[in-house]
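Undergrad: Pulled the feature table from TrEMBL, pasting it below:
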type	residues	note
DOMAIN	553-645	domain 'DYW'
REPEAT	28-62	repeat 'PPR'
REPEAT	136-170	repeat 'PPR'
REPEAT	206-240	repeat 'PPR'
REPEAT	338-372	repeat 'PPR'
REPEAT	373-407	repeat 'PPR'
């Protein structure tokens, strides 16, 4: 709320004033402001405000207010800032307009209210100056930055446009602000228009503008433009390098991001922990263990102590590469741990099927005084669901109340999935229908998947109706229903679903798998890579592999093929699944005994799961496959999931 200028509030002066803050002992001008500066620097901001409130008007000038407002902004002290604003309004009522009319003072008021989340009040102060024709470029920028920092990037750009319409020439700072707002909105068209203004200005961009341009093109996925800007920069700081690395990471180009890191080091630029945290996130997403270990080596070599964010990212990388031992080692060596640290290790155990370790760690976590959050219980419930621990999962769901955590739709989805996988579909349906909020697509999707696992056509059709309304463009729901019909031999219904997908323009998501060999990530798509499949090395290995597997009992399971064709054709189609292509490629291009790590964008089908088990047996290879649900560790003909996934 603003204090209206028509009000005449009574300001209570302090009953006692210390020697350092007694205005009668301080001379006007510089000595007075020096005292204010000293009070602000020593953290005595309250005293500084009281000094301004109690001082005669001749002592106080715009610089006095500017000094103290700057400290209020740094401390985000809205209460003290409001007192200063009230004092300025009182001064204006007494005829002293020069204080509030000062552009620096007004800009700092706008900034103060903005950083304290009071954007509407900041806008009112801005408009007050606009009505009086007292808005400089710095005022426009202060208001635009206030919008941007409060997540109102569109409003920031609209204000920037209004500034240009007033024929105000944007400074470099204004240009960098407009570029940042464009990046936040991923509005490449507007961003390029601002870039054109940068070029037309005739002045060389400063570091901030160059970094804002890098961030813009990176956020919008324009890697060529980002590289072009980067190469033109006369000087590059760590923010510049981080922005370029983040741009490549955003496009899942881990190898290129690592190449930039190496170049950065060759140029003598010291990386920040933000640099490594960014790359580790990409390594985790791509299961690029080799690259992740390279980053780990950089952390070990560094003389500086890594912060908790980079160590949590390192743990997450090992967790998502299926290396729980390394994840635990990093955890044990950390001197400080936060909730994310514990949740990361919990998730590492859970997705790798080690629920005994997960429960032990959860107990240790609560006993050490770390309070679990909603994410903790999603991890625990999901882990129980994928390992068949229904009773334990129910207990954990009920235990949320002990920690004053209200179950969200995501927690209910885990509970429903847990019951459905265990064959308790009717019970899962009751939970969905009686949950306190409207069931989400993930809740109904869990039941539909359970119907696929247990062949329940009747409930599947009912659930599919809900899903087609909630998520009409989610191809996965149509595919699962089609799969249920196919397994039941209802081929006419399969055709109906296929035609429905065609009418709605919905295409099945292609199965995709990727694998890192040395410094390169290789991607495989189901049914693709004909040249590779026709190569002599592939044919020779495939022939030897199938012969060895059939000798030990492998028989193709073609239930995953949703077409009414003969078994030979079904077998041929299954052989083209992406995880098989990736595995075969790895067998050709890696040495004997080398572990194989594959990531897939979809759930592994029944036959590919069986095929992987036999491959691990006949080749004596350890194969780790990460699908959308969990990790599968194949070794000696068995899988860590115990065929429950």
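A Cβ is built for glycine as well, from the same backbone N, Cα and C atoms used for every other residue.
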Undergrad: With a Cβ cut-off under 8 Å, give me the same-chain residues at least six positions beyond the ends of the repeat 'PPR' (338-372) that come close to it.
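TA: Residues packing against the repeat 'PPR' (338-372) from afar: 308, 311-312, 315-316, 318-319, 322, 324, 327-328, 331, 379-380, 382-384, 386-387, 389, 392, 403, 405, 630-631, 633, 640-642.
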Undergrad: What is the number of residues in the repeat 'PPR' (206-240) that are helix, strand and coil, as DSSP sees it?
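TA: Secondary-structure composition of the repeat 'PPR' (206-240): 26 helix, 0 strand, 9 coil.
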Undergrad: Over the span of the repeat 'PPR' (373-407), how high is the average pLDDT in this prediction?
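TA: The predicted confidence over the repeat 'PPR' (373-407), as a mean pLDDT, is 95.
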